[in-house]
Amino acid sequence: SQYSAVDTNPLSVYIMQPIWNKIIKIVPLWIAPNLLTFSGFVMILFNYFLISFYDWDYTASGTSPGLVPTWVWLFSAFTTFCAYALDSIDGKHARRTQSSTPLGELFDHGLDSWATSIFVLSFFSVCSRDNGKTGVSVYTMYIYLSIVLFNFMCSHWEKYNTGVLFLPWGYDISQVVLIAAYLLTGTVGVEVWQKPLLFGYYITDVLVILLIGFSLFLSFPQTLYNIHRAHLKKTLKNDSLYEGLLPLVSPLLLFVLLTVWVVLSPSNILAKQPRLFLWMVGVAFSNVICKVIICQMSSTRPELFHWFLFPLALVVYAAISGLLGWTEEAVLGVFTALVTAAHVHYGVCVGRQLSEHLNIYIFSLKKRVQE
């Protein structure tokens, strides 16, 4: 299927696109577009692990500001900008080198589905978790992450039904806000997040309110409107309501299971291991969404229940029933490692299959030699 995306965001159209059009000119023509996509993702990952090293439990910014060195925040601003730039020019570069493929599209959106959560998890280190005086609670973090992932899911669910990816306005805005937040933290210090900004509200409160407002009153209604318009124009990919709603079943069940674990965990697992738990949420979500993206690209039906829901249901049941007892944290650790390994394995396999099927290399513009 031909890839089509629509971008109507003024920030993107009038400010960012001209910048990307200048940057793209310096990229050598022999570089494969997927290499740009992957480099951006690696930078986000590296940055995430760097912040995790200084702030494993999200307390560094709150307890004693200065635990995270200034250069780390400035480096975060730099890597976020680079990743944003690379993610914005990979498609342009593919068209420039006439190497646009379904593999590239899947590679781009698949890595985006994972990067989305990593951006959010890195940002939480800026505002730190609630310590009674400042910060956000780990439950707010969980809800915040869920809303961002819900937004991501909406745009791909919409593409599954309409065949067109309407790029959410939130994407460019969130990237620019992230870069600004890191620069602000690096130049002024984390204290800036810990003083009320207006009427006793903190900057973090304002950002959370903006995010929820954007999602529920802009992105989601826009998605429903676009699907409704396609329905009226008779351009919907799926005739039945069941088929149209099918991709939402697994993500919603995933959210329900995770929320049950968060709320009913005997050892209060989210408060004990916020970084592990939220990482696992992001990886699980990414895997579920990748399946939807593949179904949408290949015009196949997604299965009702993603395989991952079964082991998760078992773990959640064992945890909330008290079966795991004091091993709950250890089990979360093992489970998170397995989920991450499974997701990486899945990505590698799909990449290999597509590269053989399309007779191309993933990271090179040379054609594969037919065996």
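Yeah, the Cβs are placed from backbone N, Cα and C, and that goes for glycine too.
Marked as transmembrane segment by TrEMBL: 26-50 (among others).
Through the fold, the transmembrane segment (70-86) approaches residues 19-20, 23, 36-37, 39-41, 43-44, 46-47, 50-51, 54, 115, 119, 122, 126, 175, 178-179, 182-183, 185-186, 189 of its own chain, all at least 6 residues removed from its boundaries and within a Cβ separation under 8 Å. Taken from TrEMBL, the feature transmembrane segment applies to 70-86 (among others).
According to TrEMBL, the transmembrane segment annotation covers 136-154 (among others).
Here TrEMBL flags 197-220 (among others) as transmembrane segment. Long-range neighbours of the transmembrane segment (197-220) within the same chain, counting only residues 6 or more positions beyond its ends whose Cβ lies under 8 Å from a Cβ of the stretch, are 127, 134-136, 140, 144, 147-148, 150-151, 154-155, 168-170, 173, 177.
According to TrEMBL, the feature transmembrane segment maps to 241-264 (among others).
The transmembrane segment annotation in TrEMBL covers 276-294 (among others).
Annotation source TrEMBL lists transmembrane segment at 306-324 (among others). Here the transmembrane segment (306-324) has long-range neighbours at 250, 253-254, 257-258, 260-261, 264-266, 269, 284, 287-288, 291, 331, 335, 339, 342, meaning same-chain residues at least 6 beyond its ends whose C-beta is under 8 angstroms from one of its own.
Among the features that TrEMBL reports, transmembrane segment is placed at 330-348 (among others).
Among residues of the same chain six or more beyond the transmembrane segment (136-154), those with a C-beta under 8 A of the stretch's C-beta atoms are 58, 112-113, 116-117, 120-121, 124, 127-130, 168, 170, 174, 204, 208, 211-212, 214-215, 219-220, 223, 248, 251, 255, 259, 262, 270-271, 274, 277-278, 281-282, 285, 289, 292.
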